[in-house]
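Pulled from Swiss-Prot:
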- Met32, Arg33, Thr34, Gly35, Ala36, Gly37, Lys38, Thr39: ATP binding site (BINDING)
- Glu1123, Asp1219, Glu1222: Mg(2+) binding site (BINDING)
- Cys1275, His1312, Cys1350, Cys1352: Zn(2+) binding site (BINDING)
- 19-206: domain 'Helicase ATP-binding' (DOMAIN)
- 340-517: domain 'Helicase C-terminal' (DOMAIN)
- 537-628: domain 'Dicer dsRNA-binding fold' (DOMAIN)
- 916-1038: domain 'RNase III 1' (DOMAIN)
- 1083-1233: domain 'RNase III 2' (DOMAIN)
- 1263-1355: region 'C-terminal dsRNA-binding fold' (REGION)
- 145-148: motif 'DECH box' (MOTIF)
- Lys1215: site 'Important for activity' (SITE)
Amino acid sequence: MDISSFLLPQLLRKYQQDVYNIASKQNTLLVMRTGAGKTLLAVKLIKQKLEEQILIQESNLEHKKISVFLVNKVPLVFQQAEYIRSQLPAKVGMFYGELSIEMSEQLLTNIILKYNVIVITADLFYLFLARGFLSINDLNLIIFDECHHAIGNDAYARIMNDFYHRAKAVLSKKHFTLPRIFGMTASPFTGKKGNLYHRLYQWEQLFDSKAHVVSENELADYFCLPEESYVMYSNKLVVPPSDSIIKKCEETLQGCKLISRAVKTALAETIDMGLWFGEQVWLYLVDFVETKRLKKKALGKQLSDDEELAIDRLKIFVEDWKNNKYSDNGPRIPVFDSTDVTDKVFKLLELLKATYRKSDSVRTVIFVERKATAFTLSLFMKTLNLPNIRAHSFIGHGPSDQGEFSMTFRRQKDTLHKFKTGKYNVLIATAVAEEGIDVPSCNLVIRFNICRTVTQYVQSRGRARAMASKFLIFLNTEELLIHERILHEEKNLKFALSELSNSNIFDSLVCEERERVTDDIVYEVGETGALLTGLYAVSLLYNFCNTLSRDVYTRYYPTFTAQPCLSGWYCFEVELPKACKVPAAQGSPAKSIRKAKQNAAFIMCLDLIRMGLIDKHLKPLDFRRKIADLETLEEDELKDEGYIETYERYVPKSWMKVPEDITRCFVSLLYTDANEGDNHIFHPLVFVQAHSFPKIDSFILNSTVGPRVKIVLETIEDSFKIDSHLLELLKKSTRYLLQFGLSTSLEQQIPTPYWLAPLNLSCTDYRFLENLIDVDTIQNFFKLPEPVQNVTDLQSDTVLLVNPQSIYEQYAFEGFVNSEFMIPAKKKDKAPSALCKKLPLRLNYSLWGNRAKSIPKSQQVRSFYINDLYILPVSRHLKNSALLIPSILYHIENLLVASSFIEHFRLDCKIDTACQALTSAESQLNFDYDRLEFYGDCFLKLGASITVFLKFPDTQEYQLHFNRKKIISNCNLYKVAIDCELPKYALSTPLEIRHWCPYGFQKSTSDKCRYAVLQKLSVKRIADMVEASIGACLLDSGLDSALKICKSLSVGLLDISNWDEWNNYFDLNTYADSLRNVQFPYSSYIEETIGYSFKNKKLLHLAFIHPSMMSQQGIYENYQQLEFLGDAVLDYIIVQYLYKKYPNATSGELTDYKSFYVCNKSLSYIGFVLNLHKYIQHESAAMCDAIFEYQELIEAFRETASENPWFWFEIDSPKFISDTLEAMICAIFLDSGFSLQSLQFVLPLFLNSLGDATHTKAKGDIEHKVYQLLKDQGCEDFGTKCVIEEVKSSHKTLLNTELHLTKYYGFSFFRHGNIVAYGKSRKVANAKYIMKQRLLKLLEDKSNLLLYSCNCKFSKKKPSDEQIKGDGKVKSLT
C-alpha cells in the first residue's frame, strides 16, 4: 500500500527539508521558532514510519508497532490528532485525562491492534508503560512536543529514564529495535549562555539524540518578527471600599472553605482591574455554587454544612445587592473612574477602540494571567457593546487556584474554531494559549499581564504571525524592570542559538553523565513488563489506602517514621493502616528525606505485590471496583430480560415409561366441588396410571366463564388388576375424552402410561377396576347420534348436534320457544322449536390475572326445530368434565415435574411448594416463584455472608462484600443452574388451549399442534430458580433443608448440611484475641440492656470499636467485619417475620417492608433506644458532634410522636450507630454458636420501637406542596432562607476558661416578610426537616398564618432581609 498520495500537498521549505533529512536517520531534538512548521515535520516522520510498518507487515517480519505523539496539555491531544488525521490515512487514537484509573487490560491491549498512531498526554503514557499495558518494543517513533519541559521529575524525563534507557541497556539481550526519538521546542532554556549549552547537552543525553537548531537567519526569508511596543499604565491600585459586597463577604464568610478561593479571586480582580470586575466574580460564583449544589443533589450526594452555609449566605448577600444595582437586562454599565475601572483597563479599551474603529478584520489575542481576568474582561467588552469587537475568553479546563473558572475541552475547541472563522475577533486567553495551541495568525498580540519567563515571552510573541503584526506589552514602572531582565535573557538565548546553529560545539563540552532523576531501585513485573519505581511507589501506597473500607469519620494513609541512621543519611519505616493487617516495611538509607521515603514505599509495594494486594499492572486491588465490575457484568448479562435461550423441557417419567405387559395399575379419582347449577355439574373421572402416583393435594382451576373449580385427587393406595380388554377400553375412552374436550381429532404417536374414563356413579365395590369405570358410558362414545323423536328426549344434560357429521359443533338444550308446542308434532311445519345454547369447543381453566379478566365470547343461543336436532349419547356433565381435562393434565404434569425435581435433588419440601418455586410469571398461573425467590435470596445472603466471614477472617470489609457477591450474584447462580441442569425443570410455558396437545398425541389438523418439548427462558429467570428452590426448602423444612439444597446445587457455601456445623469453622475462644489486654468497662451495662450474657467478652468489645480507634495502641481490629455479617443476620430475622406475617404480599412489597426496618435511619434509632451510641469506642470529634445533634433531634421530636409516629425516619442519622447495632447482633450470633434463637429479643424490639411497616405513608415533599398551593392562590412573595447563628459558650478548666463557638443553622419559610415556620439545628438537613414539620402542622391545621389570601400578583420584588422579622432567635445576615 502506497500512502504517499494521501498526504496533503505541502512542499517542505529548505530548512524543513534539512531537518527532515536529519531526523529521518537519527534521533533529533529540534529547536525552532514558533510557527515554523515543527508539527508538519513530525507528521512527515510518522508517514515514514507508517510506510515502513506496512512493508514490514506485508513481509511478516515483525509484529505491528505504533507511533506515539506526546503532549503535555489535553487540548493539544485533540488538536494534534485532528491535524494528523487530516494529513494521513492512519488510524489515530486519542488518550487523555483520568482514563488510566479504570483502564482495562482489554482496552489497552487493543491499542496496538486498533491504531497506527496515538496522541496522548505524557503522564498518562507513563502510566501505560509503568503498568505494563504498552512497552518500548511496541513503538517505532516517539514525538515529544514542547520537549523543554523534560526537567526534574517531569513525565517526559521519567519516560526516557525509566523505560527508553532501561530498554537500551538490554537491547542486545532482547533483540528488538528502539523507537526513533523526535523532540520539538521553540524555547529551550532561559538564563545565561553557558546554562543553555549545559541544558542542551543534558537533553541530548536524556533523549539519546542530537540537537539541531534552526537559527533566525535561516528563517528570515519566511518570517518577520512583529513590531514590539509598550503601553505604560498607572501603578494606582483599587482598594475595595469597606461597604462593598466583596469586603462584607470577606469579613462574614472568612470561615467558609468553599469560597475562600473566591474571596482571593474577587479581591485580586478588584485591586488590579476595578470594583466592577470584582462584582462580576461574585455573580459568577453564586451561580456556580448553586449549580454545584444541584448537581450533587441530582447525584444523590449529601452537601457538607460548609457548602450549605456558603450557598445560602452568598445567595442572601448577592441577591439583595443585585436587586439594588442590577436591572433585568444584565450587568450594570461600568463607571469609568479610578475605582470602577482602573487605568490599565481604560487604556486597553482605548487601544481596542482605535484598532477596530474602521474594520473588524483584525485578529487580536490578549494574554492575561488569571482565568477570572479573562472571564471578566470578556464580559466587560460584551457589556459595553463595542462596535466591531467580538470578544470571548479562552481558559484552561482545570480548577483554578483562586476560583472555579474553567472551560471544557469541547468549548475550547469550539472557541478556537469560531476565532478562526471570524465569529470572534478578540480572544482573551490565559497561558493555555501560549504554548502549542494552534491559534490562528494574529495581527495584534497584547500581553495584558507581564511575562514572567523568557519562554512565556517567546511563546506569546510567537502568536503574532500575520504580516505587519504588532506585539504590545502593558507595563507599569515596577514591571518595566522585570521586563528588561527578560529581554536580556532573551538576547542571551538568541546569541547562544545562533552559535549553536550548524556547529558541533556539543562535542567539545565536558559534561557530567546523563542526569538521572528517577530511582536506581526498580522492580519489573515479568508477566506484563510493568515497572515499579520509588517515585511511583509513594503514590501507589496512597492509592492503596484509598481502597480500604472506611467511613466519613476515618481517613487512611501510610505513615512514614524516621529511623536511626548514619549522620547525613536518612532512613524511614512505612506503616499502613492497621486495617490492612500488613507488617511495616523499612527502606534503605538515602541522602535525602524524599529518597528515603521512596525507598520505604518501594519495599512496602513489593510486599503488597507478593500478597496479591497489588496486581500485575501495579493497580491496587480495589474490592469496591471489583464489586462494581461484578455488578456491571451482571447488568450487562441480565439487562435484557428479553434475551432468552431455548432449553429442553423435562417430561415426567410417569408420562414416558410405558410397561410392555401391564397387569397392575394405580387409580386416582378426580372430583370437583363447583356445583352451581346444571351448567357446572361435572362428571367425576377415573385417572388410571401405569406407575404409582405421588400424593397430590387439591388444586384450583379458573376460566373466564363460570366459578373457580377445585380439583380433588383421591388416590387409592392399592393397585388394581388390569387385562388387555380393559386396557383397550381405557385407551379408547382416553382418546375420546381428549378429543371431546379439545374439539379436534387426535392421533396417538406413542403409548401413554395414563388413561381417563368416566367414573361409575353407582359403584359400591371399589376393589375392581371394571367396577369403577362407567363401561356403559364408554360404549356410548362410539354410538352414532340419533335424531330427536320427541320433546321428551330433550333434557338439561343433553348434548345436541345440528349436523351429525360435525360432532364438535355441540349445543345444550335451554327450553322451548312457546309452551303450546309441548305436544308431539305430526308435521314438520308444526314441529316445536327448541332454544339451544352453543357449547364451547374448548375451555382454558388455567387462566389467572389479566388473562382471566378478558371478556369471554358470548355463547350463541339459537332456535331449532326439534326434528332437525340429533342427540349425542354423552351427557352434558361429562362434556363439562372433558373441557376440564386439558387443564387437569397440565397441572398434574407440572406437579409431576416438581416431584421429579424433589426426587433428583433429594429435597425436603412439599410438591406444591416445589411447583411454585419452579413456576415463573410467564406461566400465568395463580402462583409463581416471586415470594420464594425473595425468601431464598435472604437465606442465601446469610449463608454466603457466614461462609466468607469464616473463610476470610483477616480481610477488609470490601473484600468480604466482593467474595459474597461472587456467590450470590445472578451470574454465579445462572452458572450453578446450568451445571445442575436446572432449566429443564422450569415451568414457564402457559397453557395455550388452542395449541395445547397432550403428551403422546398430535392434532390431526396441524403439524404445529404437538406436545411442547422445548421452552424459552431468560438468564435472570434461571438464576431466580436457584433462590426460589432454596426458599421452598427453607419454608417447608427449615435451615438444615436450605443448607442441603445449597450443597446439592454447589452454590459456593461451606460444605455443611447441618446448621450447627458452622461452629466447626469458628473458634470462639480465640476470636478477637488481640483485645485480650484491652479493657471495655461497659460490658455489663450492654448485657443487662439486651438480656444476653457473653461467653467471649472480647466479641462484645469488638462490636463497639469504630475504625477511628485503630490509631490507639493495642487496637488492631474494628467492628466492620462484624457489621458485615450482622447486616445479613438481621435481614434474615426481619424477612422471616415478614414472609409469614404477610402471606399475600408480593416480593416488591416485602422488600419495601424490609427496607423500612433495616434501613440506616431505623437501625440508628434502635441503637439510640438501646443507648449504644454511649458505648462506641472512637477517636473523632466529628462523631461526638453527630451523636449530640442526633440526640437533640430525637428528644425534641419524641414530643410530637403522636403527629408523626415515624419522625425518626426523616432525621439524618449517623451511620456508625446502625453499624454498631449490626455488629452487636453479629457478636451475639457468634457467641451463641450461630444460634438465631439467641436473637429472639430483636424482633419484639423492632416492632415495639418502629411499629408496623405497612402503616407508613409517604406524605411527599411538604415544601413542594405548600409552594404549589400558594402559587395556585396567586401568591408570589414567599420562599425559604437559611441563616447561621453562632453561639459562644465557655468551659472552665483548672488553668483557664476555654471559649467555644457553636454554629446553628436556621431554616425559615417566609411569606410577605414574615417567618411562618422555622427550624434550627446544627445540621442544615435537620434544620430544614424541623421547618418542614412545622410547615406540615400549619398545613394540616389550615392555619391562616400560612394560607391567608393576598394580593401580590402585580408585585414581583421580594423583601429584603431587613424586612424579614423573626422571634428574636434569628438574626438577619445583613
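Numbering starts at 1 and runs along the chain as it is shown here.
Quick reminder: no glycine exception, Cβ is built from N, Cα and C everywhere.
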Enumerate the residues of the same chain, Met32, Arg33, Thr34, Gly35, Ala36, Gly37, Lys38, Thr39 excluded, that satisfy the criterion Cβ within 8 A of the mean position of the Cβ atoms of the recorded ATP site; list them in sequence order.
Met184, Ala186
In the motif 'DECH box' (145-148), how many residues does DSSP assign to helix, to strand and to coil?
2 helix, 1 strand, 1 coil
Candidates Gly35, Gly37: member of the binding-site residues with the richest Cβ shell (10 Å):
Gly37
Report, in whole Å, the straight Cα-to-Cα distance of Lys1215 (site 'Important for activity') from Gly35 (ATP binding site).
60
Where DSSP helix means H, G or I and strand means E or B, what are the helix, strand and coil counts for the domain 'Dicer dsRNA-binding fold' (537-628)?
37 helix, 14 strand, 41 coil
Which residue counts does DSSP give the domain 'RNase III 1' (916-1038) for helix, strand and coil?
73 helix, 11 strand, 39 coil
Checking distant contacts: for the motif 'DECH box' (145-148), what same-chain residues at least six beyond its ends satisfy Cβ-Cβ under 8 A?
29, 39, 42, 69-72, 76, 80, 156, 183-185, 187-189, 203, 207, 435-436, 455
Relative to the domain 'Helicase C-terminal' (340-517), which of 19-206, 537-628, 1083-1233 accounts for the most Cβ pairs at distances under 8 Å?
19-206
Can you tell which of the binding-site residues (Met32, Ala36, Cys1275, Cys1350) has the fewest other C-beta atoms within 10 angstroms of its C-beta?
Cys1350
Kindly state the mean pLDDT of the domain 'RNase III 2' (1083-1233) in the predicted structure.
89
What other residues of this chain sit with their CB within 8 A of the center of the CB atoms of Glu1123, Asp1219, Glu1222, the recorded Mg(2+) site?
Tyr1119, Gln1120, Leu1122, Phe1124, Gly1126, Asp1127, Ser1218, Thr1220, Leu1221, Ala1223, Cys1226
Candidate with sparsest Cβ neighbourhood (10 Å radius) among Arg33, Lys38, Lys1215, the listed recorded positions:
Lys1215
If we check Cα distances from Lys38 (ATP binding site), which of the recorded positions Glu1123, Lys1215, Asp1219, Glu1222, His1312 wins as closest?
Lys1215
Which residues does Glu1123 (Mg(2+) binding site) neighbour through Cβ under 8 Å, counting only same-chain ones at least six apart?
Glu957, Asp1219, Thr1220, Glu1222, Ala1223, Cys1226
